[in-house]
Amino acid sequence: MLMKQTFLYFLLTCVVSAQFNGYVPPEQNGGDIVVPKDFYEKFGEDFIREQEESSAPLMNPVPERDEAEAPHHPKGHHEFNDDFEDDTALEHPGFKDKLDSFLQPARDFLHTVSDRLDNIFDDDEDEHVREKRPHDSADEDAPRRKHGKCKGKGKHHKGKHAKGKGKKSHPKPEDDSVFFDDERPKHHEFDDEDREFPAHHEPGEHMPPPPMHHKPGEHMPPPPMHHEPGEHMPPPPMHHEPGEHMPPPPMHHEPGEHMPPPPMHHEPGEHMPPPPMHHEPGEHMPPPPMHHEPGEHMPPPPMHHEPGEHMPPPPMHHEPGEHMPPPPMHHEPGEHMPPPPFKHHELEEHEGPEHHRGPEDKEHHKGPKDKEHHKGPKDKEHHKGPKDKEHHKGPKDKEHHKGPKDKEHHKGPKDKEHHQGPKEKHNERPEQNMQSSHELLVIEAFADLINSVPVEEIAEEFSRFLDTLGIEYYGNIPVHIQENAPKDSSIPPLFEFDDDLELSDLTPEQFAYLEMLKAEGIDPMTAFRDQSHPAKPSNAQPADSSRPYAVFSQEENGEHVNLKAFPDHTLRVKDSKPESLGIDTVKQYTGYLDVEDDRHLFFWFFESRNDPENDPVVLWLNGGPGCSSLTGLFMELGPSSINIETLKPEYNPHSWNSNASVIFLDQPINTGFSNGDDSVLDTVTAGKDVYAFLNLFFAKFPQYAHLDFHIAGESYAGHYIPQFAKEIMEHNQGANFFVASGYEMEKQYINLKSVLIGNGLTDPLVQYYFYGKMACESPYGPIMSQEECDRITGAYDTCAKLITGCYQTGFTPVCIGASLYCNNAMIGPFTKTGLNIYDIREECRDQEHLCYPETGAIESYLNQEFVQEALGVEYDYKGCNTEVNIGFLFKGDWMRKTFRDDVTAILEAGLPVLIYAGDADYICNYMGNEAWTDALEWAGQREFYEAELKPWSPNGKEAGRGKSFKNFGYLRLYEAGHMVPFNQPEASLEMLNSWIDGSLFA
């Protein structure tokens, strides 16, 4: 099951990657809503047609066409699944065309992946040859990695359809469609009487020489298929007219037999015969031609040689665009290898064949790395030597070498089936994708799968799944019609819309992704819901300039702050009285960071209760991604909490602003009170907005700019904080000049002193391993059966492959697949326990609000009109935004190693880093956090790893255990869940204060 699920992830990421990488034209992307049958019937065709005619169409219907134009298929025949009994999905106009368009990128991509695998990993002998050919194509200069053999199937792989009418043929490049049974090109048989040479000769019999000259277009007879020892072989013709087909040499020779030399000269476009496929020990190999005309096809060398056999040298010179024959695919020990050509190909397109483009042709003839066509003695699909029954069968071979009637393989200069070149649609890919890290996609993450799954059948398998699910295309949109859904109530239904706002804005590709997982018995939304801090958003109220308290209103008494270094960013500060809410008596500021007029980040600043002129400044960030930092304000470390019964603020004596000024920032866009038409769905981009905000904030409030500055956060802030800190440190090396309120400011320098990450996700490759351990070996006892824990741990092998693929390639579709698989396999089983995933000691009390009723109370409080008026906010409050969460996932942001590497970078720069974790949390548990800090590569890794965990007793009572070396520290806190300040407010405040003053591990 795991193998099949992983295969689905890979297959679907290929389709998604085709969209991301531009393999599908923009007009094929379609609309943005997937419609189930009940939704479709609810609105009806008239509504959809109206939306189609509007400026923002809901769908893009297929135009009607006449019956004569509709594709005809014999009764009982189905294009994608011969076993599928219902024609409903295939009767829709344009279904085949649309499905083909949807699948074609996957086909192209998978064939490219297969070719890449064969190209990158070759035998040691071929590696040695490549090292001696430094001027070969750029593709050979790419980094090499040795892995197990990859058995990508070539074009003559028979697959499971090799017998009977079900056998598939490759489509002609000028047609995107796939050949089905009734339209597959027919093979032409070749009868023995058509041959002009005898099929066999007795020993000593003299072979007649071929004609010395042939008229244009005349077909050359093939030589005998077998010769007895000592028999004399006739020489080939001395001259051929343009376009004349050259006969192939004998397929087998006995020891000592003399091989005839090839022709001395060929006309442009003439097809050169291939050399013998096998030679006996001591047999002399004929040399290749000394000269070839432009565009002439060079014959490949023999596929196998016996020990000691002498290899003929390649031609000394080739014309521009001429195709060079590949060297032998296999050599015996001590065998002499022919030298490479002394002059390399010019990048020109030659006459006749359209598929041989020289060194850049990566689809068919790839030189020494080409395993799709010439694979030597191990190639069981194409050239098998004298025992090859599939390719060279002697005089009775009717499938491949058919003499003058063979139209499938040797067509000469007019061959369009085998030599396609620049018109091949499979080659029309962005150049930057041809020589990038994409070639490592399957190698690192899916190598074992590719070895066991025939590449030729992947697209067909994908079609079968679509048929099974009832996926149809309505216009350019895959529509799931639930008409044929199973009636068994024990089977969970597929995704439905109804009032589920979490799925309402999924793109068609994302929806198809989730449907596939659901069909395999996986509920991906469980992982999203539990790991992303989602809460159903309230209906957003658009900004209204009629509100007198709106920040942007003309009557506002606030201030706009601009900086020369950030022309697209503006800070709007509300000069109001948020302290009127009774949250705290200290000075407070609220406002927005505006980004290009369509993104607005909300902030709330609280001055220190102690000494605001000298106390440090702390930026607090909650995670998610997509969860508001105001959750931290009112539930964890802010000046007040919200009573769940009265919705009144209650004073918090252990607030982190007791000895520091604190900024609570809602980021990224559409988190909390932040809003905008545009989206930021990756950590790196979010970091640029945060850096701009800090510059603008300290420009507006220079009294805080010189103070020590720290960044703290939890959960997905394990991604945010390392990246944001790195962004600040890089910019601190430069100079920025600002304009604030009309006067010039001095060079801005953000005085970053340290970072703190609580129960964060930073290194998934290490952390995901400990879900099984935490489930059965936590200090609070097992929460699952040992069998379930073993099952989770067993799934880690596949999970680790996927995460490693993301780490090594950074390729978004691989990272997406890793997130989907690992979140469901490793975290999904926890949902059956009914416990709080953020604190395994408790039951989940409020599923809609992160299992905590406190978060629901916060949302209700902040959506009161008088509260919003005091804050000057423009939208209703969203505790957690699932759309942002899913957006980060489908950008591949979850599983990248960038953030772990950022921790290394800031440690090496001397910035102190504290990783702390409550030991009752499951989602980002202390076991995983302790393990990744031990495994982190940095200058002090050994000393940190060897350091012992020591008790931490802030008030004479042990509250945790920790260790440190130089500027890196780790602290485990007892009796605390995911939100440490919520469970241990006093200990967490002491942790912050002692960390800031340097006494935490003293």
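Keep in mind that glycine also has a Cβ here, set from the backbone N, Cα and C atoms.
Of the cysteines CYS799, CYS806, CYS815, CYS844, only one is given by Swiss-Prot as the disulfide partner of CYS822: CYS799. Cross-referencing 27-46, 527-546, 607-626 with Swiss-Prot places the feature region 'Disordered' at 527-546. Cross-referencing CYS627, CYS776, CYS789 with Swiss-Prot gives CYS627 as the cysteine bonded to CYS880, criterion being a recorded disulfide.
When you check Swiss-Prot, the disulphide partner of CYS776 from the set CYS789, CYS806 turns out to be CYS789. On the backbone, the CA of SER715 (active site) and the CA of HIS978 (active site) stand 8 Å apart. Spatially close to HIS978 (active site) yet at least six residues away along the chain are GLU714, SER715, ASN759, ILE837, TYR838, ASP839, GLY918, ASP921, ILE923, CYS924, judged by Cβ distances under 8 angstroms. Note on ASP921 (active site): other Cβ atoms within 10 Å of its Cβ, all shown chains, come to 28.
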